[in-house]
């Protein structure tokens, strides 16, 4: 009953948290009341990796970038890149311009939503691309293909284990909205002529999005959206596992030191409350 009250109240739908600084902290730093330089280095590396490969994915697009925005892969990679840049921006502002910290952290709800969508979407894209879509005969395997369809999931899984902010069960609505939005987009794009430049070429963005077969394609879209929701629940379970590991390994240090730090910096150990978020 208590679990349901905590996790299934209406307020749990909203991307609002009483400790915004948690969105610029690592799960593994002991003092979460202050920014961590090592975590800043990590955030910088992730943001630069995503940004550089995101730009290259546009520059190296075979269609000159004209069709780049239509692919779900690129929607997902854009979200990964944006959330990484926002996370870096919040943390670097906290360290370099602390008097602007409150203004910088006003964007944490946007970061939270982007991270909530980008993580299961990255896992879903990787799975669907290599299992359902990839055809070795007509699709080259190169560094760019690996980065946007493979490394995206690796980086987001690492990030999931690094961040301190919570994953809420009811935030499944955000990945679901993304799935529905892309479905609507694919219908509109297909109706407007699709990807084909002549009658012989296929109009659909992906083979599984052939709207000449509306029933099967609609069922596919519903299935993919449900799959994203399931992945979100998996992300939630991974987060709970991470917190459990943290509490057993890192919080097992001297109890006296722990209590002293908690009294001196109440926000530093807000992550214990977060574990029940």
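We number each residue from 1, going along the chain as drawn.
Here the Cβ of each residue, glycine as well, is placed from N, Cα and C on the backbone.
Keep in mind that TrEMBL annotations are predicted by a computer and have not been checked by a curator.
Some features that TrEMBL has for this protein:
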type: TRANSMEM; residues: 37-56; note: transmembrane segment
type: TRANSMEM; residues: 76-97; note: transmembrane segment
type: TRANSMEM; residues: 109-134; note: transmembrane segment
type: TRANSMEM; residues: 146-164; note: transmembrane segment
type: TRANSMEM; residues: 171-192; note: transmembrane segment
type: TRANSMEM; residues: 215-238; note: transmembrane segment
So what's near the transmembrane segment (109-134) in sequence-distant terms, Cβ-Cβ under 8 Å and 6+ beyond its ends?
15-17, 23, 72-73, 75-76, 79-80, 82-83, 86-87, 90, 149-150, 152-153, 155-157, 159-160, 163, 165, 167-168, 171, 174-175, 178, 206-208, 224, 227-228, 231-232, 234-235
State the residues, same chain only, that lie 6 or more residues beyond the ends of the transmembrane segment (37-56) and have a CB under 8 A from a CB inside it; answer 'none' if no residue qualifies.
25-26, 29, 77-78, 80-81, 84-85, 87-88, 91-92, 95, 144, 147-148, 151, 155, 159, 162
